[in-house]
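The structure appears right after this line, and notes come after that.
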Amino acid sequence: MRVIHMNGCSNRFAIFDGRHANAPFRPQAEQIRHIARPRSGESFDQIIGLENSERGDVFMRIWNADGSEVKACGNASRCVGHLIGKELGQPDIKIETEAGLLQSYMNDDGSVTVDMGSPLLSWESIPLAEKMDTRGVDVKIGPIDAPVLSRPACVSMGNPHAVFFVDDIARFDIPSVGPLVEWHPLFPEGVNVGFAQVLDRETIRLRVWERGAGLTLACGTGACAALVCAARLDKTERKARMILDGGELVIEWRESDDHVLMTGPIEMEAEFNQ
Ligand SMILES: N[C@H](CCC[C@H](N)C(=O)O)C(=O)O
């Protein structure tokens, strides 16, 4: 089977192309964990399986490093858009995922734009365990009388996100607070946890503790989630530059059709057969 290593803003993926194999790539969770986080050697944030699709040019299956299968991965969508676009010799590609059909576009400067569709804003769609206003939900982290984090905004991009807006992102030890939110009882399916510092109305500094993968150098759906929550709270415009540890993404929550567009670089690292 053909294996490709790629990254989007240093969010790293191992992509297994099962489209011409005798059977689709459907590993057990333990196998995923072994590939993503080997005892030695390079690690990956997500493992991606490519399958044939009736509705699109390719079907993309996504597993987090902990072995859990999930429905959306923005940076991997951009990598797959590039891979299949090059293969088919066409810039526009339809990627089928468990969350629906995504459209990707290869831009002249080598970046890739993916239309992630509309954000889901209702408490049931995140999902939350109970009815709440998703512009600020009832979560407090830290001492009861002086929480260090509270009232994240929530949105689903096909996967659940909680975004804390903070004054100084450097103040937070994300590996210690991230897990406290990731599996908080308010999020029955877990949640990706964003820490967003609004620098101005068109720039956000963002770090994300990802569900099932931990602190990654970039999170595409996390960047979409942070922009949607910021614009919804009138902290930014509907288009902004997202500055992540591993690079920059431009996110636009388009007014005309309510779709969220994510644009950024991709990098082909290696390709081999195994
Ligand atoms: N950890 C996420 C999936 C990968 C998201 C991220 N790598 C992206 O680029 O969107 C989840 O459990 O929903």
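Cβ coordinates come from backbone N, Cα and C, glycine included.
Quick caveat, the model's predicted, so the values are computed rather than measured.
What TrEMBL lists as active site is Cys73. For the recorded site, Cys73 (active site), the DSSP three-state label reads coil. Counting only residues at least six positions away in the same chain, the Cβ atoms of Phe13, Gln46, Ile48, Met60, Ile62, Asn159, Gly220, Thr221 sit under 8 Å from the Cβ of Cys73 (active site).
Taken from TrEMBL, the feature active site, proton donor applies to Cys73.
The annotation active site, proton acceptor is assigned in TrEMBL to Cys219. Counting every protein chain shown, the Cβ of Cys219 (active site, proton acceptor) has 34 other Cβ atoms within 10 Å.
Look at TrEMBL and you will find Asn11, Gln46, Asn64, Gly74, Asn75, Asn159, Asn192, Glu210, Arg211, Gly220, Thr221 tagged as substrate binding site. Mapped onto three states, the DSSP output places Thr221 (substrate binding site) in helix.
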Check: same-chain CB within 8 A of substrate site center, minus Asn11, Gln46, Asn64, Gly74, Asn75, Asn159, Asn192, Glu210, Arg211, Gly220, Thr221: Asp45, Val70, Ala72, Cys73, Ala76, Val208, Ala213, Thr216, Cys219, Gly222
Around the Cβ of Thr221 (substrate binding site), the count of other Cβ atoms that are within 10 Å: 31
Asn11, Asn64, Asn75, Asn192 as binding-site residues, winner by CB count within 10 A: Asn75
Pairwise CA distance, Asn75 (substrate binding site) versus Cys219 (active site, proton acceptor), rounded so that it is a whole Å: 7
Cα separation, Cys219 (active site, proton acceptor) to Asn192 (substrate binding site) (Å, whole number): 9
Spatially closest candidate among Asn11, Asn64, Arg211, the listed binding-site residues, to Cys219 (active site, proton acceptor) (Cα to Cα): Asn11
